[in-house]
Amino acid sequence: MKRMKLRTNAGPLQGTIQVPGDKSISHRAVILGAVAKGETRVKGLLKGEDVLSTIQAFRNLGVRIEEKDDQLVIEGQGFQGLTAPCQTLNMGNSGTSMRLIAGLLAGQPFSVKMIGDESLSKRPMDRIVYPLKQMGVEISGETDRQFPPLQLQGNRNLQPITYTLPISSAQVKSAILLAALQAKGTTQVVEKEITRNHTEEMIQQFGGRLIVDGKRITLVGPQQLTAQEITVPGDISSAAFWLVAGLIIPGSELLLKNVGVNPTRTGILEVVEKMGAQIVYEDMNKKEQVTSIRVVYSRLKGTIISGGLIPRLIDELPIIALLATQAQGTTCIKDAQELRVKETDRIQVVTDTLNSMGANIKATADGMIIKGPTVLYGANTSTYGDHRIGMMTAIAALLVKQGQVHLDKEEAIMTSYPTFFKDLERLCHD
């Protein structure tokens, strides 16, 4: 088996980085642009494999999408402009694509089959199947957990529902709201904890109307959307890897440019500041929710991460776990059982990977207990097909002074950050 040899024993990281476009916003720009009336132009779109799966799905649904002058141009014909696909819709590794597009297709008068890769086929879809069934959609997957492939028969006469989310999930909320845009009457979604709100913000940006009152979102349908020009900010989930690298590698100083700082996504910034991180925000644009972040090596202390903070940093928890291995004292992550049904069981995989390198982490049912600081050593590792595990391991390897770190299945990183290793080499000044 050929494994990638990762860079180890790095000196201080120096330089400026522009992280790729935000994955969540990129997906939603394509999805809403595909059903808005008119020509939507998207700048700064992430060209990772997940977003490409969303683009291909809409091409298969009859939407004209092409690249012009570094922009993605989407010729939307409204909700009535989608046509039955001639083939199965393949969502690759993308849970966002499958869940949100299932919600959107709920109101269409045709049937589709949606499949995914091996990893996506192990992710439960019951969380969207049940609310969509209540709205009048025929939808089913495999076993009680409704694993992909999904078979869906849309319904032009969707029923509005009031639905209390049993879990904190922006994807489930989004699937219901996308269906609700096509249902006649008032749909309400009540969240357990407030999750990322890109769908709500972007529905409004495309001319849709909804009311957000704390954890309750109300949308009266049906509605039509109007094409927009969208600029996608840098992805804070991708920036998180450089943020942590800058904090834990002695002598480092990095400037992360144009990072999206939507308040439902900035949990990691609050956590690292509480742990003692030295970070400075430059060129903050509160209206556009973007900033540049200057980060320098810092001495950190352990902390507790739980409750309403978890949905605001769920994707950053693997790299936060690495950060905690270098902090003084104990860090406890709780209420994060959702990590077990991501691209991998991230609680177990993070624990096993970092412990194999010398960390002191105990996995719990809903999180991890991490004792630091610990010295990290070489090991044979894998992404397990999970992009965030791969990038976490590559940053961990930079700290290794003894031994080599080899990484299997590194191609998974293409999902969200195709230029990750190129950027890493640029910041490593030998």
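Every residue, even glycine, has its Cβ placed from backbone N, Cα and C.
Annotated in Swiss-Prot:
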type	residues	note
BINDING	Lys23, Ser24, Arg28, Ser169, Gln171, Asp315, Lys342	3-phosphoshikimate binding site
BINDING	Lys23, Gly95, Arg123, Gln171, Arg346, Arg388	phosphoenolpyruvate binding site
ACT_SITE	Asp315	active site, proton acceptor
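Taken over all pairs of the listed 3-phosphoshikimate-binding residues (Lys23, Ser24, Arg28, Ser169, Gln171, Asp315, Lys342), the Cα spread reaches a maximum of 19 Å, rounded to the nearest whole number. For Gln171 (3-phosphoshikimate binding site), the nearest of the binding-site residues by C-alpha distance turns out to be Gly95; the candidates were Gly95, Arg123, Arg346, Arg388. Of all the binding-site residues listed here (Ser24, Asp315, Lys342), Asp315 has the Cα closest to the Cα of Arg388 (phosphoenolpyruvate binding site). Across the structure, Arg123 (phosphoenolpyruvate binding site) and Ser169 (3-phosphoshikimate binding site) are spaced 14 Å apart at their Cα atoms. The Cβ of Lys342 has fewer other Cβ atoms within 10 Å than any other of the binding-site residues Arg28, Lys342, Arg346, Arg388. The number of other CB atoms found within 10 A of the CB of Arg123 (phosphoenolpyruvate binding site), across every protein chain shown, is 20. When the binding-site residues Ser24, Ser169, Gln171 are scored by other C-beta atoms within 10 Å, Ser24 scores highest. Neighbour density for Asp315 (3-phosphoshikimate binding site): within 10 A of its CB lie 25 other CB atoms from the protein chains shown. Packing around Lys23 (3-phosphoshikimate binding site) is summarised by its Cβ count: 24 other Cβ atoms lie within 10 angstroms of its Cβ, all protein chains included. Calculated from their C-alpha atoms, the gap between Asp315 (3-phosphoshikimate binding site) and Gly95 (phosphoenolpyruvate binding site) amounts to 13 Å. A straight line from the CA of Ser169 (3-phosphoshikimate binding site) to the CA of Gly95 (phosphoenolpyruvate binding site) spans 12 Å.
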